[in-house]
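Annotated acetyl-CoA 1 binding site per Swiss-Prot: L79, V80, V81, in sequence order, evidence recorded as sequence analysis. Annotated acetyl-CoA 2 binding site per Swiss-Prot: V231, G232, V233, N274, G275, A276, A277, V278, K279, in sequence order, evidence recorded as sequence analysis. Per Swiss-Prot, domain 'N-acetyltransferase 1' is recorded for 4-140, and the stated evidence type is sequence analysis. Under the heading domain 'N-acetyltransferase 2', Swiss-Prot lists 151-300, citing sequence analysis as support.
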Amino acid sequence: MTSIDWRSALTDDEQGSIRDIVAAATRHDGVAPVGDQVLRELPADRTRHLVAVDPDAGAVVGYLNLAPASDTAPPMAELVVHPDFRRRGTGAAMARAGLAEGGTHARIWAHGNLEAARATARTLGLQVVRELLQMRRPLTDLPPVTVADGVRLATYSGPGDDPELLRINNSAFAWHPEQGGWTDADIAERRAEAWFDPAGLFMAFDDASGKLLGFHWTKVHGPDLGEVYVVGVDPAAQGRGLGATLTLTGLHHLAERLSNSPQPTVMLYVEADNGAAVKTYRRLGFDVSSVDAAYAAVAD
């Protein structure tokens, strides 16, 4: 019988096994079962770790990460079970344990909202409380970039830019459960990632004052796929077309980075209920490719 136990910290071997499970599930499902932040948390002790071990296989076969509540987000769980060990009730048992540990307001992500996740949600009496759209478009036939008078574009020059990046990010995303409330450590962690490229972090400055107005952080996932990772604009600078300028600047950069691909593609994530942003991205040629759903217990 599979054992399921909480850990405050993971061993190196457990971390390696979990990364392997995530990779296997991604290949099997066509969508990553957990977000990048979960992988960053594996060696840390900021979150809780629920590990499922199959005694016959002598191996980790499932993992749930439980992030504590923050000022902008409730407790959030993310879950993966190895494809070879599914349909045994492990996923449902882990989801039930994670939500119980997280408390009344806890939520659990279903990346791609696949049928298996929907079935588990029905079994546990959960309902969708939030949806995140993944949108994509080809990196071909891009509109030209237009830069307004008085705006200067540059790329990230190093940690000296971080205070202004944090100011813009935390004002633009004060409402956002994951993106809001960043600290220096959040930028430093991402700067240490293998994918980080300072030439792909674009910044728009006001020529007169020198103040940062907005930024677009791009990400390359592989030879065929790039991402609009974050676009943030100072709320005080809204209405100047900066979002479109920064987005298109990043798209042209990604198109150049992926120029050897026969089908270069860019993706982004946007809240399903952010109608204005969805409309803007549709105008730029993006279409919905998948939906991530956050589930929570139905209130009595």
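Cβ coordinates are placed from backbone N, Cα and C, and glycine is handled just like the others.
Its own atom aside, the Cβ of V233 (acetyl-CoA 2 binding site) has 22 Cβ atoms within 10 angstroms in the protein chains shown. Sequence-ordered, the extra residues of this chain that approach the acetyl-CoA 1 site, with Cβ no more than 8 Å from the Cβ center of L79, V80, V81, are I21, A25, P33, V34, G62, Y63, L64, E78, H82, T90, G91, M94.
Secondary structure of the domain 'N-acetyltransferase 1' (4-140), assigned with DSSP and counted as helix (H, G, I), strand (E, B) and coil, comes to 50 helix, 43 strand, 44 coil. If you count neighbouring Cβ atoms within 10 Å for each of the binding-site residues V81, V231, A277, the highest count belongs to V81.
Here the domain 'N-acetyltransferase 2' (151-300) is broken down by DSSP into helix, strand and coil counts: 53 helix, 47 strand, 50 coil. For V233 (acetyl-CoA 2 binding site) paired with V81 (acetyl-CoA 1 binding site), the C-alpha to C-alpha distance reads 38 Å. Rounded to a whole number, the C-alpha distance linking G275 (acetyl-CoA 2 binding site) with L79 (acetyl-CoA 1 binding site) is 29 angstrom.
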